[in-house]
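Below is one structure; the comments refer to it alone.
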Amino acid sequence: MTLKYPVERFVLMDSTCTAEFSSVYGEGFDSKIVGWDNYLRENSGDMYEKYVEKFPTMAEIPDVGSLDDNTFNAEKVIALNPDVVIMPNWEFMWNGEATKEALARMDQAGIPVVFLDFYMEPLENSTKSIQLLGKITGKEQRAQDIVDYYEEKVNSVYSRLEKIQGKKPTVYVECAYNGPDTYGISYGDVAWGDIVKKAGGDNIAEPVLLNKSKALSAEYLVNQSPDIIILTGRNWSTPGSLKMGYTFTSNVTKSTMTPFVNRPGWDTINAVENRKVYGIYHGYCSDVFNFVALETFAKWFYPEEFKDVDPVDTLKEYHRKFMPIDYSGTLVYRYY
Amino acid sequence: MNVKAKEAYKKMTGRKYLYLLSISVVIFLTFILDIMTGPASLSASEVISTIFFPASSERSVQVIVWTFRLPVALMAIVTGITLGLAGANMQTILDNPLASPYTLGISAAAGFGAALAIVFGVRVLPFTDTLFVPVNAFVFSLISCMAIYGIASFKRATSETIVLTGIAVLFLFNSLLALLEYTANPEQVQAIVFWLFGSLTKTTWTTLGITVGIVLMVIPLLAMDVWKLTALRLGDDKAKSLGVNVEKMRLKGLILVSILTSTAVAFVGTIGFIGLVAPHIARMLVGEDHRYFLPFSALSGAFILSTASVLSKAVVPGIVFPIGILTSLIGIPFFVWLLLSKKRGYW
């Protein structure tokens, strides 16, 4: 299969990679997306809103369905006549059969498919994915700038961590999509759990969850009494869920986080006693911003050693340098 | 009445009381075991001293026993009682061994209400905040009960029409639920699925209090009717000839069942099996006399759920394991054994 170069017409499967695509492509990116799924709109509505506000025509990009729920419409993709379809690697993990079938269809139609990975091995493959995007868009220099920036930040975190001796702080991460009454999933050695580990934390979920994501019991959490609690938020509609993202003020984040902190028994947990409860934007687990997540976690775990690091500044800088939309809202949050 | 018959009756009731007593003792034991098990292991003496003298134990043990384990252990028993009673009453008024809150779609309706809250944040009553999801579930299960009765009473409410209407309601809410899951994002689907599995771990003293309050309100209302309910099991015509207003009993029964089920389902999610099987266990052991049948159904339910609660913690320690998955797994072998060991049919 050959790729027409430079590629002009893109279909983004997993439209949440719009952040990466637009970072790499730069000016004019919005007119190059000829089709996508509804992921960005459904799962990162706050970010979608910011894009559409600035580039109103993006609201009219056709929805081609998704492999997740069997709505992927191969015929529609072919009709849009794209030069390439960009897919996330995790489709293989979650929808293996459907992905293979879609690939076969695309193959028959002569449409090349390119896979990116910001999820399965986030801190290893993010830069490779960015470089690949650079290659197919013909924006190799921009891609290299992003990769350099990314690597500088990540390596700076790693080199500081190397010098730190002693006991690692114990950490609990919960996806706060449920209200405070029902515990949301925590992560074993995957996704957020992977970032916790790389940022020098000791993930309390790993021994029981291994590489799965499931809810821990309240009692296990209180019994483990972790040093740090991190809740992940988004613009979920679930009542009581933690609200974070491009369109939420820190007051909203604070008021939705309070009921979590007041959960029964939490007053006996080290993290609460030592006032170390934090929030982070859930989307940052599976996109290029995972370097900010790494930096943020490292700062929360070792505040002394990372005193001069400010993740919000990093975020603002990245948006200024590479993103078409401005930094806004609440993406990392310290409760106390 | 001759002396022999009196003796025989005494012996029979004596056996029934013995059954009631034994199951109560067993439930007490599973209850203590339930409080002992968990990520932090506690001894029986620690448990008992923390329950009776909370001030004398360590703060962490206090929190574990009083905040996490006691409400859950009690909720297991109360929910079991609730579902057992609801199932027993339902089978009697509908004169159908297959009737249960689950098979008549009440649980499905509750699931739909909960999913509606999870996916769209739609609240059906304005004043609730922390009890948002359960209240939605409650309202929808009430709606389903009323719909079943409403449709069935269009003509004359025979038990067959009610059962069939219930099945229609079950399918209706299941497809509505599937529709919601289809539009939900992955996190929400996970939340809905977990809710549907049923779990006791969300229990707080507040939700426990509400459930206990409602059960205590319903029990006297059921107790009033034990004779009428017993008569109903002889068939509509015989009950009518004994002076029972069958239609009125059916309406009252449906309302009570819906209140019981809705409460249980709202707080712990959909737990199937108990409402269906607890009454059968009771019927096999103590018979149709509702003076024994109703309490024994309630206690069988409590026994199954309390045992499931202990086991759910042993599956993977530290993780919330949905109890609804276990209730039928542990209850079915016992049920089948009872079925096979009894010689005559019990319906």
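Yeah, the Cβs are placed from backbone N, Cα and C, and that goes for glycine too.
TrEMBL entries are annotated by machine, without manual review.
Keep in mind it's a predicted model, so treat the numbers as computed, not measured.
Quick look at what TrEMBL annotates:
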TRANSMEM  B:68-90  transmembrane segment
TRANSMEM  B:102-125  transmembrane segment
TRANSMEM  B:131-151  transmembrane segment
TRANSMEM  B:163-184  transmembrane segment
TRANSMEM  B:204-223  transmembrane segment
TRANSMEM  B:254-281  transmembrane segment
TRANSMEM  B:293-312  transmembrane segment
TRANSMEM  B:319-340  transmembrane segment
Q. Of the listed stretches B:68-90, B:131-151, B:319-340, which one has the most C-beta pairs under 8 A with the transmembrane segment (B:293-312)?
A. B:68-90
Q. So what's near the transmembrane segment (B:131-151) in sequence-distant terms, Cβ-Cβ under 8 Å and 6+ beyond its ends?
A. 104-114, 116-118, 122-125, 157, 161-162, 165-166, 168-169, 173, 195, 207, 251, 254-255, 257-259, 261-263, 265-267
Q) Relative to the transmembrane segment (B:254-281), which of B:68-90, B:102-125, B:319-340 accounts for the most Cβ pairs at distances under 8 Å? A) B:68-90
Q) Which listed stretch (B:68-90, B:102-125, B:319-340) has the most C-beta pairs under 8 A with the transmembrane segment (B:204-223)? A) B:68-90
